[in-house]
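Visitor: Sharing a structure here in structure tokens format.
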Amino acid sequence: MEFKKNDVLTAEAVDYTFDGLGVVRHEGLCFFVKDLLKGEKAEIGVTAVKKNVGYGRVIRRLSDSPQRVEPRCPVARQCGGCQLQMMNSELQAEFKRHRVADCFQRIGHLDVEIKPVLSMEFPWKYRNKVQVPVGMNREGQMISGYYRSHSHDIVDFDQCCLHSDLENAILRSLKAWIAEIGDPKQFRHWLIKHAFRTGQVMVVFIANTVQIKGKMELIRRLTESYPQIRSIILNVNEREDNVILGDKEIVLWGSASIEEELLGLRFQISAKSFYQINPIQTEVLYRKAIELAGLTGKETVIDVYCGTGTIGLSAASKAKRVIGIEIVPSAVEDAKNNAVRNGITNAEFICGDAGACTSQLLQRNIQPEVAIVDPPRKGLDRLTIDSLVKMNPDRIVYVSCDPATLARDCAFLSEQGYSVQVVQPVDMFPQTTHCETVVLLSKGEVDSKKIRVEFSLEDMDMSEFQDGATYAQLKDYVLEYSGLKVSNLYISQIKRKCGIGVGKNYNLPKSEDSRQPQCPPEKEKAIREAFKYFGMI
């Protein structure tokens, strides 16, 4: 049967996509439906039909899952900030554990036990960082809120269930005051950082100009109304792209940073430095990571992608030496200051690319017993994973924000003699599909039935590690979101257009006259969306 937009069907959800949509199979076609839980039956209106997949919306639910709850947020179904508010906590934990398990099985081809998710007792008001876009609606009124899913349409709100009460109050004041005394068109985003334990707050105006209308009055109102504010910063971003923070930063009032406490230590946080968003679950995550590291006080530990040094400094009292690596200069300065602030003398920090710095440590004959890695969504790049293998640490503790690239990297490390010992998901972001995972890999004994072959990593095609996602991951993503099947050739063609390195098997044809099928525009668009998802562009 052929379906078209506005058709109506009745069906039951049998599974979930990795972003929480209900999966419905009907008349040979797979439909993805928002706000439909597994086991629920509904009348579904078809909103779009691709070659191999369709999309739909719930017209009327005919049955409710016992695990369904009413979303707390009035705009939860429109806003892209939360995806799982209709699931109770038990179902959210089950969903996230299943997602991690699926990645290890399907991408990593690893048969490992996935521990039950470490969930949050009160899964609301946990965000210590608020970053909302500012825009204008069709009536010319200022709006601020998170983007609608898969769009740049702002869903306006006065408060968010994941923000602290203080953060929501400051946002409401900003909206009211700027509408009264300022020019909303000058602002791109508002950024608020709230240190829960110290109570200190930083407010950052991300604007397209230095000349902010009503700036001094706005500062006066903010500081008088909210004594918790310790820092007000203007970040100027005049670029025409999706990068949120610009290069120019001006301290308008107070200090350039705020302080927070974590696991008994005090940390300095600047506008651009990375700090985990959920302070309560961060302690759960870091305690687990340090526990898995198995430190005795005799180990050299490298902390790769260390940010402001939170993990490494938290582990320093249990290690002989800690070496942190981070590419963001301001974060490295914060990390160094954090070490001094806490009287830690056995930690040092290097500013630079993770791959280049680990390679330099290798050349200096630094061989750590433990490596802690906390990479961005794209996972470990070629040089970093190459250097880690050559360093040959006894244990690797991998903290990941993306189970797909985590599984990919664990599969490669398993081929190099490491064994996945523990996979522990931690729910750092309740109400959303995101899940942090900490994994322990240790040197395992070689199976006597297997032949060990010596080879050089330089001889391998490692472009998949360098570029942030495997070809299989990219194809799966494109198929799931657009219903389109794309080939490795098409992916490599778009990689070249985007300036991404391509493996030796997919280079340009030797002959100028060689004819190759060219990637169609609709598939190019879908591939570029996959690149964005995996942080490749």
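Glycine too: its Cβ is placed from the backbone N, Cα and C atoms.
Heads up, here are the entries from TrEMBL:
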BINDING   Gln276, Tyr305, Glu326, Asp374  S-adenosyl-L-methionine binding site
ACT_SITE  Cys401  active site
ACT_SITE  Cys401  active site, nucleophile
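Could you place these features in context, so I can see how deep they sit and what lies close by?
Guide: When secondary structure is read from DSSP and collapsed to three states, Tyr305 (S-adenosyl-L-methionine binding site) falls in the coil class. On its own chain, Tyr305 (S-adenosyl-L-methionine binding site) has Ile325, Glu326, Ala354, Val373, Asp374, Pro375, Pro376 as residues at least 6 apart in sequence with a Cβ closer than 8 Å to its own Cβ.
Residues within less than 8 Å, Cβ to Cβ, of Cys401 (active site) and separated from it by at least 6 positions along the same chain comprise Pro376, Arg377, His434, Glu436.
In the three-state DSSP scheme, Cys401 (active site) falls into the coil class.
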Visitor: Starting from the S-adenosyl-L-methionine site formed by Gln276, Tyr305, Glu326, Asp374, give every other residue of that chain whose CB sits within 8 Å of the mean position of their CB atoms, in sequence order.
Guide: Phe274, Asp303, Cys306, Gly307, Thr310, Ile311, Pro375, Val399
Visitor: Across all the protein chains here, work out how many other Cβ atoms are within 10 Å of the Cβ of Asp374 (S-adenosyl-L-methionine binding site).
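Guide: Counting Cβ neighbours of Asp374 (S-adenosyl-L-methionine binding site) within 10 Å gives 24.
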Visitor: Would you say which of the binding-site residues Gln276, Glu326 has the most Cβ atoms within 10 Å of its own Cβ?
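Guide: For the binding-site residues Gln276, Glu326, the Cβ with the most other Cβ atoms within 10 Å is Glu326.
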